[in-house]
Amino acid sequence: MKIYYEHDADLGFILGKKVAVLGFGSQGHAHALNLKDSGVDVRVGLRKGSRSWEKAEAAGLRVLPVAEAVREADVVMVLLPDEKQAQVYREEVEPNLKEGGALAFAHGFNVHFGQIKPRKDLDVWMVAPKGPGHLVRSEYQKGSGVPALVAVHQDASGSAFPTALAYAKAIGAARAGVIATTFKDETETDLFGEQAVLCGGLTRLIRAGFETLVEAGYPPEMAYFETVHEVKLIVDLIYEAGLKGMRYSISNTAEYGDYTRGDLAVPLEETKRRMREILRQIQSGEFAREWMLENQVGSPVLEANRKRWAAHPIEEVGSRLRAMMPFLKARVMEEVG
């Protein structure tokens, strides 16, 4: 797998172009501000009436309605929520994209699953930072960067890849390393990670542990500390030094319990069998079709689950305990503009 760094990228491929960033949420604000600070001619495209409009202007960015921003641009980076991209593309992006322009994404979902079918005259590429927007911005400001994936879906001009690499350099990603991949691999592995491990898997493991302790008569506060609060301590060790490094840092008692009892909590082969089914549903497009239909009918399953999970006792206990820890800073995610 090829990794590219700053010396591999020529900013000239992006400095000579007008870039429109659609959206000013977590990734949008970071991309737009980093591009601006790198000397790129950037404007932000937002819906009229968007709550993000004033924020973007206050940050010193030029803000336009989506269609107008697209008409001006040579490169259009789409940083809207997955479920909104296809409609915005059909109604406001495609009719205004100049011939021979470039269409860019930070996630391959809509292109890979055919929700967006770009014209043949366009370059289509992706730069996907492997970190949240606030980190993409803060690391750039420190003179560092967040690693990113880069991929080309369509190369009409013959220079799609160097342009994508230049874009990655302009947002700071090439300082840390840019890994070449494909839209297929980025999309399918990203969805799998979210569903099986990072979001779906981890939340079920946490909830099961919390409920087991509470149902056995332990105080909910103790259960929360042991099954929720301390997750960060272990994840940080894994993040910094891998599984081996984490095990080096914990007690021998904890390490022995890890090896001898972990399979009771998460049976490895059975878990892999279930994970293969999750992956099959992603690869076949079944999940994508389900998610698109869910949005077409008003997101009833999503909303019902939000309410159900928000009502779980773990939320009330956690809220009380976090209020006792002033060193914690709650981060409220803003709606993508």
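Keep in mind that glycine also has a Cβ here, set from the backbone N, Cα and C atoms.
Per Swiss-Prot, the features are as follows:
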ACT_SITE  His107  active site
BINDING   Phe24, Gly25, Ser26, Gln27, Arg47, Ser50, Ser52, Asp82, Glu83, Lys84, Gln85, Gly133  NADP(+) binding site
BINDING   Asp190, Glu194  Mg(2+) 1 binding site
BINDING   Asp190, Glu226, Glu230  Mg(2+) 2 binding site
BINDING   Ser251  substrate binding site
DOMAIN    1-181  domain 'KARI N-terminal Rossmann'
DOMAIN    182-328  domain 'KARI C-terminal knotted'
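Annotated features taken from Swiss-Prot, shown on the structure.
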residue	record	contacts (Cβ under 8 Å, 6+ apart)
Gln85	NADP(+) binding site	Val78, Phe109, Asn110, Gln115, Ile116
Asp190	Mg(2+) 1 binding site	His107, Ala128
Glu194	Mg(2+) 1 binding site	Gly200
Glu226	Mg(2+) 2 binding site	Gly209, Leu213
Glu230	Mg(2+) 2 binding site	none
Ser251	substrate binding site	none
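Here the recorded positions are Arg47, His107, and the one whose Cβ sees the fewest other Cβ atoms within 10 Å is Arg47. Across the domain 'KARI C-terminal knotted' (182-328), DSSP helix (H, G, I), strand (E, B) and coil residues number 124 helix, 0 strand, 23 coil. Each residue in the domain 'KARI C-terminal knotted' (182-328) has a pLDDT score, and their mean in this model is 97. DSSP classifies Glu83 (NADP(+) binding site) as helix under the three-state reduction. Residue pairs drawn from Phe24, Gly25, Ser26, Gln27, Arg47, Ser50, Ser52, Asp82, Glu83, Lys84, Gln85, Gly133, the listed NADP(+) binders, are separated by up to 20 Å at the Cα level.
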